[in-house]
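Here TrEMBL flags H110, H112, E117, H156 as Mn(2+) binding site. Summarising the annotation, TrEMBL assigns oxalate binding site to H112, E117. Summarising the annotation, TrEMBL assigns compositional bias 'Basic and acidic residues' to 228-258. Summarising the annotation, TrEMBL assigns disulfide bond to C34-C49. Taken from TrEMBL, the feature domain 'Cupin type-1' covers 63-210. Annotation comment: TrEMBL describes 225-258 as region 'Disordered'. Look at TrEMBL and you will find 1-24 tagged as signal peptide.
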Amino acid sequence: SSTKNYTILLFITILTITFNSASAADPDPLQDVCVADLNSTITVNGFPCKRNFTFTPEDFASMGIAQPGVPNIFGTRVAVADVYNMPGLNTQGVSMARVDFERDGLDPPHTHPRASEIIFVEEGTLVAGFITTDNVFINKLITKGEVFVFPRGLIHFQFNVGRGNATIIVAFNSQNPGVQLIALSTFASRPQIPEEVVARAFQTSVEEVRAIRARLALPTAGLPSGRQWDDRNMPSQYDKRDDRNMHSQYDKRDDRDMHLQYDKRDDRNRFSQYDNRDDHNMYLQYDKHDDRNMYSRFD
């Protein structure tokens, strides 16, 4: 009947509109440019535009990733080119970053809730991996010149397994992708998640939760934040911290520092579990790899 056909057509139309709306990370621009007015007091989803002809060519350029960023506790340096240091990106739905890795440097498990991510290996050898919502771990050894993609919102990481330093160039389909570092979000939030909640979630004791929080009580310089993906945001919330601050114990920590375990690691290093791997092991693909093999230096 005509009524039935109309209902089907209406459903298809709504489905199409919904899919198209959900497929983009940021809204489409409605004008040529909308240079972000970072000083505006108006609150919107994104930033209000500067008035026409008040912007300059400098608004469309940035040296944000020309040099490595600030060192952090994980052995990486993160630098970004986003709407905060490149206002011309506003409404354009793109941004970039650069991550420099020391040997054994880690870009720890994290998510970008507002963007997909694609990386280009400029130098070095890394393991890149992400976890699907079905808890399937996808990972690959990537080397110079290789490109790897992380689907939007999924937990992912990069780990430098080469003999030297490594550098990746990153692109996002959002002017402000956001970031949540899983360990810090869980154990070092402000205010803290109740110990009992974290202990129950990880099936461990409250004492162990406290111990982990103590080990994560490190300076946050160089770590990206969720609101403003640079080092201007996360440390600022601690400016007025009192004596109960979880970071205070960092100043007095002794040789039990969590990084010390790597300085004296022996033949039982963290990769030893792969010595007897069978045909089902996801790392078998690396058995015939050349000198760039991430495990060769541990032999």
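Placement of Cβ uses the backbone N, Cα and C atoms for every residue, glycine included.
The CA atom of H112 (Mn(2+) binding site) is located 24 Å away from the CA atom of C34 (disulfide bond).
Applying an 8 A CB threshold to same-chain residues 6+ apart, the list for C34 (disulfide bond) reads F47, C49, N90, T91.
Taken residue by residue, the domain 'Cupin type-1' (63-210) breaks down under DSSP into 21 helix, 61 strand, 66 coil. Taking the mean position of the Cβ atoms of H110, H112, E117, H156 as the Mn(2+) site, the remaining same-chain residues with a Cβ inside 8 Å of that point are T111, A115, F130, F150, L154, I155, P177, V179. Fewest other C-beta atoms within 10 Å: among the binding-site residues H110, H112, H156, that description fits H110. Here the Cβ of C49 (disulfide bond) has 19 other Cβ atoms within 10 Å, regardless of which shown protein chain they belong to.
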